[in-house]
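Contents: one structure, followed by commentary.
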């Protein structure tokens, strides 16, 4: 009888003991912290991208003409992150394994930041031209193709598998973007004739697609840099990746702005801006802050999850921006645009479902061993009761 009581006590300690309870509490706390960080980065990315896109279109709509300035506001906000180096000192992220190898050399890191900075500059320039020549609703729909580009780049650079759901998403997004080419009577705010409007529409379309490809390549390369070169996943690493490439890209755009002589026209442009000087300044400041918030959110999601997930969240703006464009800019929502939007949303849902399936697999793998242990424990209890 005494042996039965002692065995029962041991069983109780094994199932409900402090070590196991403590472990599960720490695990729950870690998951909560991770979800909180991801939610913050998602909010920064969605709010920043939506506001920045609408402000960029407003700049062109009310008399702004400088694509160099519109490119510059996407990049010049990097000094806003500098105070974070001194006031924020969070612990390293535990969502990924940190290797014990030594930190990459200064030369290697410099090449990484310079290379990414040049790509970011090219992407931003194409973005500015695309937004200039296309209605914001059309531009937003074409930008959804970045998800397809990112899947391809991630396959080669980040060992991402192309599953049936992802393949379905690629096909739908490609068809969605292709449909927008066949719109007859493309709109252009500065067109003087149908032929001129058509040529500008084609240029805008090419620039929008090129911008989407460039953005996707930057995300995949950033993910690759963290995995293979930086090999550390701290908040400081996020700030570094958001700051240094932006610094390089800003230098490139500033050279372009002064080299092209575009800076000479900025004072006249400000004087003639339809909403006035104050609005001109506020729009550009708002764009700068919004783009920097978007950048921090994007890099943060790359570290916490993956470049693919960051791009998926970015495309969540898809149904929001075209609707807001119709409300604020009176963009025409044609039948082709509606079909393109439906296909793009379908592609996004397919992509998102694949990510959901991937997230569920680790949980199911953990549940299987636990269920086996429970069955064994029940058998032990039955034996003890029979004894």
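Our numbering is plain: 1 for the first residue shown, then up by one each step along the chain.
Using the three backbone atoms N, Cα and C, a Cβ is placed for every residue, glycine included.
What Swiss-Prot records for this protein:
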type	residues	note
COMPBIAS	9-24	compositional bias 'Basic and acidic residues'
COMPBIAS	370-381	compositional bias 'Basic and acidic residues'
REGION	1-24	region 'Disordered'
REGION	362-387	region 'Disordered'
TRANSMEM	36-56	transmembrane segment
TRANSMEM	68-88	transmembrane segment
TRANSMEM	106-126	transmembrane segment
TRANSMEM	129-149	transmembrane segment
TRANSMEM	162-182	transmembrane segment
TRANSMEM	201-221	transmembrane segment
TRANSMEM	238-258	transmembrane segment
TRANSMEM	283-303	transmembrane segment
TRANSMEM	309-329	transmembrane segment
TRANSMEM	333-353	transmembrane segment
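Counting Cβ pairs closer than 8 Å to the transmembrane segment (238-258), the top stretch among 106-126, 129-149, 309-329, 333-353 is 106-126. Proximity of the transmembrane segment (106-126) to the transmembrane segment (68-88) is established through 3 or more Cβ-Cβ distances under 8 Å for residue pairs spaced 6 or more apart. Scored by C-beta pairs under 8 angstroms, the transmembrane segment (129-149) has its highest count with 309-329, from the stretches 36-56, 162-182, 309-329. Ranked by number of Cβ pairs under 8 Å to the transmembrane segment (162-182), the listed stretches 36-56, 68-88, 309-329, 333-353 are led by 333-353. Away from its own ends, the transmembrane segment (36-56) comes close to residues 70, 73-74, 93, 128, 131, 136, 139-140, 283, 286-287, 290-298, 300-301, 304-305, 310, 313-314, 316-317, 320-321, 324-325, 328 of its chain (Cβ-Cβ under 8 Å, at least six residues beyond either end).
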